[in-house]
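Enquirer: Provided herewith is a single structure, encoded as structure tokens, for subsequent inquiry.
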Amino acid sequence: MTSLAQFVVTGFTTGATYALVGLGIALIAQVTGVISFAQGEFVMLGGLTFALLEEKGLAAPLAALVAIVLACAVGVVLERLVLPRARAGRTDQTIMLTIGASIVIEGVALVVVGTEPHFARPFTKGSALSVGGVHITPQYVWVVAITAVVLVAMWLLLTRTRVGWAMRATAMDAEAAQLSGISPSRMSLIVFVVAAALGAIGGIVLAPLQSPDAGIGIALGLKGFAAAVIGGLGRPAGAVVGGLALGIVERVAAGYLPGDFSGYSDAIAFALLLLVLLVRPTGLLSALRVERV
Amino acid sequence: MAVLGRHRRLVTLVLSYGVFVGGLLLVPFLFTRVHPYTMADGVLMVLLAVAALGLVPFTGYAGQVSLGQAAFYGTGAYATAILTVKLHLSPWLSLVIGAAVAGLLAYLLGLALFRAAGHYLTLATIAVGLILGVVVKQLDVTGGAEGLAGVTPLTVFGADIGGDVNFFYLAAGILLVATVVVHLVCRSMFARTLLAISDSPVAAQSCGVDPAPVKRSMFVLAAVLAAVAGSLYASWSGFVDASTLDLNVSLQLLIIATVGGRRSVFGAAVGSFVVVSLVRFAKEWLPDVSSHAGGQVEIIAYGLALILVLRLLPRGIVGGAAAGLRRLAGTVTRTPTR
Amino acid sequence: MTDDASTSTEPGTSTPVLRVRGLVAGYDRIEALHGVDVEVHQGEAVTLIGSNGAGKTTLLRTIAGLMRPWRGTVEFLGEDVSRWPAERRARAGLALVPEGRRVFAGLTVEENLRLGGYPHPRSLAADGLATVYELFPKLRDRRTQAAGTMSGGEQQMLAIGRAMMSRPKLLLLDEPSLGLAPLAVREVADALVELAGRDTTLALVEQNATVAFHVARRGYLLDRGTLVTAGSVAELREDPRVHEAYLGQPVK
């Protein structure tokens, strides 16, 4: 029982990161219609930059800030320079462009930083709390707390600010939003920056738990995708729930795999993603937009 | 005029196949002489072209992005390795069985996947590749993380092929046959339907065309060709491990199909030449540039090539060149009449 | 032929609010408009009529900036806006109530209206809301209701209200009566008459000739992408070509 609770707690923590990545993917998909396979690279950029700067002796908050700014800047480059302005009816092209961008980002990180992982200290010192036999390290608390704050901030942004309304309006009907004076191009830029920041924050809070290297982007991006698809690409809240669920299921399943099969734990998240895609490929997309001729 | 038009099309066809075959025949000559190419690069180039060839109709015509070609390439490679090493079957029979298994796998995946929007396919194909990669590292029959060695080499009428140059001619012959097959498929009504689908799925659907079975067939064709290439690779190298299933292989194949030209059957070979050259030159020159990134730096070149071609030459090198030639030919033939 | 017809009813000689010259536009490779000239002056209510496929919607969408003209120009308040994106035109006061209403279904009535006022500072919103609620009291009663759950007529009022929130200098309406119940058609038509009476400059595309002639004072007849005739509503009512375009429909 204790081990189950421990798995759930650990899974919830990694799941929080998946939720942030998935939320970014879902927001981009809704506001711009672009399916971005580069989202995982922002997690890598955030986590790796943070860990690297921290190792060099920079104060953690400053390192985090630099990491987020860097990710946002790369997000701007992706949106402005890599993706074409007119995207309607060119899903395959935009998918491949985001794939190309993610390869380049990973490659540049490899050249600059190398293949070795880098280590970040937990945000605060202190020993793990033990609640009924379940170990909760301070970093777990940090991950969950920061994710919660970010999610609340996102919710406020989307429901309480003009920019948030404009983003939602663009997601619902880009043309009608345009007729209300909202620039889809500006919304696209904003949502790519927001998604980059979300990914970077996910990478930063995860860095002390899983030392980041230049190659983590693909797997984390896919897990973020799994989160978004499980929760329904049409709802931001769905991506969050999907991310937490994925984190927990992945950890619990890995924990209960018999010894001989422990090597399969890497495949659990992908198997889950595949299963969802095979069983309910359309049903999960709750707000499927009507394609225009 | 119509007769002339038909003649011109025939001439173009004969010319383009002539250039294609001529180019292939030049490879052994060049790759054994020009530094830093090796004949192994030549063999790999042709095998990758076969593996990527199926993506031409699938990506270019059906507008689908598959990042799971490596799963089928690896299926072919592992099928040949397992069947020849463990069951001592003939490599040719293993090749056929591997292709059939890959085709079946693609068909079953396609049954579920093509009901959904395009990006789900990309996701699902990545997931399949990654899962297979984990599985082959765990199973005994696939040799675990070490992989399988001692794959039976191919023979032709009982004779050993012997040497990369001879293997190249065999693989190039298979590439030529596969190119003709894919060309015929692309020329068929079938492909016209696909083109309509990729241009406007809603429009195609409203005309009563159900895109799912067409896309599924394309997916199966792509999988079978990739498996054949993987199988040939296993017999040629004599060794198979999980790297044949790697996401990087899928990326490489997608880039090959895109860079060469997503709507041209010759695009795969051209793209393959570009990618193999990138790899070779990166290995030759880049260690000097960057010490700690190992041989992985070439992926930047891949990524940039993909982005630049998609943005600047959306129809790929062959498509762009063909359009350029047509414009040139157009001005030449049109000027006298006006 | 369009020139003499339009000059006869032109109210003033000042710069028109909208001047469309030689407009050619279409979808993909199919040309839908073959060079159309239209003018709308300050305070006017103009209608664009014509049968299905005449190019009316294409004309409005090109004026609003949702489609790029192939040739020709769109001048708004004396400025050439042909290359402006739709959102810039909307901010400049060129509002389109699109065909099929296109309200933001997941948002409440008031959120929809506030989005309509997006180009302006928040402080102006209260004022705009008051005006819209006065024009459409029904919307005030439903202001917290999700727009998607309302009837077609109510959604149309919301779509018009949303456009009015941007304080447009020209209001374009694409088939506001389409698919509405007869009672709702009446309500919408009355609201448009009210708007026209308040000096709102508007251009209306309508299938329903009764509504079109009820609201507008002047009109253009489009047929297969070309302008056939223009004139006052009284003149158009008598024109056999108008009757032909509205085959089987009473033109009153």
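Any Cβ shown, glycine's included, is placed from N, Cα and C.
Automatic, uncurated: that is what TrEMBL annotation is.
Note that the coordinates shown come from a computational prediction; the quantities given were computed from them, not determined experimentally.
Annotations per TrEMBL:
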type	residues	note
TRANSMEM	A:7-38	transmembrane segment
TRANSMEM	A:58-83	transmembrane segment
TRANSMEM	A:95-120	transmembrane segment
TRANSMEM	A:140-158	transmembrane segment
TRANSMEM	A:189-209	transmembrane segment
TRANSMEM	A:215-233	transmembrane segment
TRANSMEM	A:240-257	transmembrane segment
TRANSMEM	A:269-288	transmembrane segment
Enquirer: Counting only residues 6 or more past its boundaries, what in the same chain has a CB within less than 8 Å of a CB in the transmembrane segment (A:140-158)?
Expert: 9-10, 12-13, 16-17, 19-20, 23, 122-124, 164, 167-168, 194, 198, 201-202, 205-206, 209, 236, 240
Enquirer: Taking residues 6+ outside the transmembrane segment (A:215-233), which of them lie with a CB under 8 Å of any CB in it?
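Expert: Contacts of the transmembrane segment (A:215-233) (Cβ under 8 Å, skipping residues fewer than 6 from its ends): 15, 17-26, 29-30, 37-45, 47, 102, 105-106, 110, 115, 199, 202-203, 239-243, 245-246, 269-270, 272-273, 276-277, 284-287.
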Enquirer: Under 8 angstroms for C-beta pairs, at least 3 of them, ignoring pairs fewer than 6 apart in sequence. Is the transmembrane segment (A:95-120) in contact with the transmembrane segment (A:7-38) by that rule?
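Expert: Taking Cβ pairs at least 6 residues apart, the transmembrane segment (A:7-38) and the transmembrane segment (A:95-120) are in contact, with 3 or more under 8 Å.
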Enquirer: Please report, as numbers and ranges, the same-chain residues at least 6 past the borders of the transmembrane segment (A:189-209) whose CB is under 8 Å from any CB of it.
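Expert: The answer is 13-14, 16-18, 20-21, 23-25, 27-28, 31-32, 36, 39-51, 64, 67-68, 70-72, 74-76, 78-80, 120-123, 139-140, 142-143, 146-147, 150, 154, 157, 163, 167, 220, 224.
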